[in-house]
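Engineer: Just passing along the structure, written as structure tokens.
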Amino acid sequence: SDVGAQKDRVVTEEEWLQKWEMGNIGFHKEQGHPLLQKYLDLLLNGRSGLRIFFPLCGKAVEMKWLADMGHSVVGVEVSEQALKEFFSEHNLPYCEEPVPEIPGGALFQSTSGNISLYCCSIYDLSSSIVGKFDGVWDRGALVAVNPCDRQRYVSLMINLMEKNSSYLLVTVLYDPNKHKGPPFYVPESEVKSLFG
Ligand code: SAH
């Protein structure tokens, strides 16, 4: 495989914000992702009241699903528009507050308290700010991260995981010479070497 074709590609935060402004968000799934339904038991493993993390969350409706099941959901997203759309599209009242540890960042929290969405770059987070998680839903996240940042992203994710946590990862398979991404092509061999 020739992942080299995408190795140096960089999508800036500004470009992501523009995608949201233009409504160029083909990645958003209004009905949620069938693979989360399919593998939900692997994520939960019979446990209740989990802390579930959604890296690069967009306005993923799966956050509402898991919150409705009684879990507490934390997400991170650079686009404030995405987070506001999430709360308004689900008619969820929320409040917004600054995050002292993250200059320019903000926390959008449902009034009920079980959905906390950070508006900042994922690289601004650490376990001292958000704590650790029992489960991760990574769809459109590892594959959206710039290839040069993958190692940094994965190290952070590993840091944010509790001992007995589960991590569901969705990747896409295609010929990286034919599309520039995102989503980027992350072959299984690389997933294995990244996560160990
Ligand atoms: N996981 C979501 C969104 C996938 S698209 C879903 O399944 O629908 C990737 C998202 O990551 C975009 O909304 C983009 O704005 C956001 N993003 C890109 N780089 C980011 C970063 N460094 N930190 C936080 N969010 C980021």
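Positions of Cβ are set from backbone N, Cα and C atoms, glycine also.
Not my notes, these are from TrEMBL:
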type: BINDING; residues: 16-27, Leu56, Glu77, 121-122, Arg139; note: S-adenosyl-L-methionine binding site
Engineer: Among Trp16, Ile25, Leu56, the binding-site residues in the record, which have a C-beta under 6 A from ligand 1?
Structural biologist: Trp16, Leu56
Engineer: Here are the binding-site residues: Met22, Ile25, Leu56, Ile122. Which has the lowest count of other Cβ atoms within 10 Å?
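Structural biologist: Across Met22, Ile25, Leu56, Ile122, these binding-site residues, the one with fewest Cβ atoms within 10 Å is Met22.
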Engineer: Same-chain residues six or more away whose CB lies under 8 A from the CB of Trp16 (S-adenosyl-L-methionine binding site)?
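Structural biologist: Long-range Cβ contacts: Val78, Ser79.
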Engineer: Taking the Cβ of Lys19 (S-adenosyl-L-methionine binding site) as centre, how many other Cβ atoms lie within 10 Å?
Structural biologist: 18
Engineer: Name the secondary structure element type, per DSSP in three states, that contains Leu56 (S-adenosyl-L-methionine binding site).
Structural biologist: coil
